[in-house]
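As recorded in Swiss-Prot, the features of this protein are as follows:
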- 12-160: domain 'Topo IIA-type catalytic' (DOMAIN)
- Y106: active site, O-(5'-phospho-DNA)-tyrosine intermediate (ACT_SITE)
- E207, D259: Mg(2+) binding site (BINDING)
Amino acid sequence: MAEEYVDVVDIEARKKALAVFREKFKEILEQVMRGENPTIMLPKRTLSNTIYDEKRKLLLLGPEKLKRSFFDLHESKKFMQTLLMARIIYEALERNEYPTIRDLYYRGKHTIVYREPGGRRHEENTWDEQRESDAVIRDIEVFTGLLREEMLILSKEKGKVVGNMRIRSGGDIIDLSKMGHGAYAIEPTPDLIEFIDVDAEYVLVVEKDAVFQQLHRIGFWKKHRAILITSAGQPDRATRRFVRRLNEELGLPVYILTDADPYGWYIYSVFKIGSITLSYESERLATPNARFIGVSMTDIFGYKSKKPYLTEQERRNFIIKAKEADIKRAYELKNYKWFQTKKWQIEIDIFLEKKAKLEIEAMTSKGLRFLADKYLPEKIETGDWIE
């Protein structure tokens, strides 16, 4: 009879999370034992309390705190929601479970029935919608300093990866170079992945899954010794963390390929400096030295001595007219501190002048080999990227 596999990485992750929970929530118990009003102090997760650290190139939470007390009528429900969710997560860690955020919503969802001193009956739901329980999970993240992935909470897999690399996950050694026409789905707990060995010079992250599949099928990653990843649109947390680890632990440069429009550029910035709405995650999820490889406006139209990759006829054929929402988004990006470098201001100004955008697929319309064997390698070799 085969011995039962013991996942040491999983065990250590649970031990760490349980220890943090005990330490942080012990403070509340001690307040109760002293006869004090039990209170949780949380960093405020608001736009006004989000700052850009120019030195570290990261979006971070600022110094403002939120006081959540049991005896505050305006905060008591949120206080109890926080303790309820913390208990559910703690029990799941103890039981070696892997709950999803949807599981946590249902595990805590119930109705509390109570009566006023005069006898009037009341009902109060712990929470009504998942967005409420999700917000509580985020509060627990900032309170404990643990990402939900470190609490072994699962979410839907989104990102995919292929390349000349072997990893260990759940006791299995997985060769990412032997995925056939498919790819390895980046698991929602990327810190449980062990990197065994890698033979690659850089990481290429492609916004679009369809372009990722095309590059994969023609063997781009083999020929150019790359780890090829897709975020399939806006990146999920697991993909961002996986990319960060490849850069931080293995020293691989990271290049991001998106559509030439403000939404693609923002996807790049989420990988690089973090998300505005989830800035508390940036220190572990963002990759500050990620490089934007394209598609850039100067690739389309040229700039000074730089020649465009598209002819005038190709521009007429492939360019898409920008919508009002695109233009509005471009002005927003232009005002963000992290887009106020000279190169980014040039890109955004060209976009606003031309009111034109381009999808990555326009480059493949010149031939897939053009994208794979000329455009991408040439831009990497010549350092034609934006940081």
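Any Cβ shown, glycine's included, is placed from N, Cα and C.
A quick note: this is a predicted structure, and the numbers were derived from the prediction, not measured.
Features as recorded by Swiss-Prot, highlighted on the structure.
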{"residue": "Y106", "record": "active site, O-(5'-phospho-DNA)-tyrosine intermediate", "Cβ within 10 Å": "13"}
{"residue": "E207", "record": "Mg(2+) binding site", "Cβ within 10 Å": "24"}
{"residue": "D259", "record": "Mg(2+) binding site", "Cβ within 10 Å": "21"}
Helix-strand-coil residue split for the domain 'Topo IIA-type catalytic' (12-160), DSSP-based: 71 helix, 31 strand, 47 coil
D259 (Mg(2+) binding site) versus Y106 (active site, O-(5'-phospho-DNA)-tyrosine intermediate) - Cα distance in angstrom: 38
Across the domain 'Topo IIA-type catalytic' (12-160), average pLDDT on the 0 to 100 scale: 88
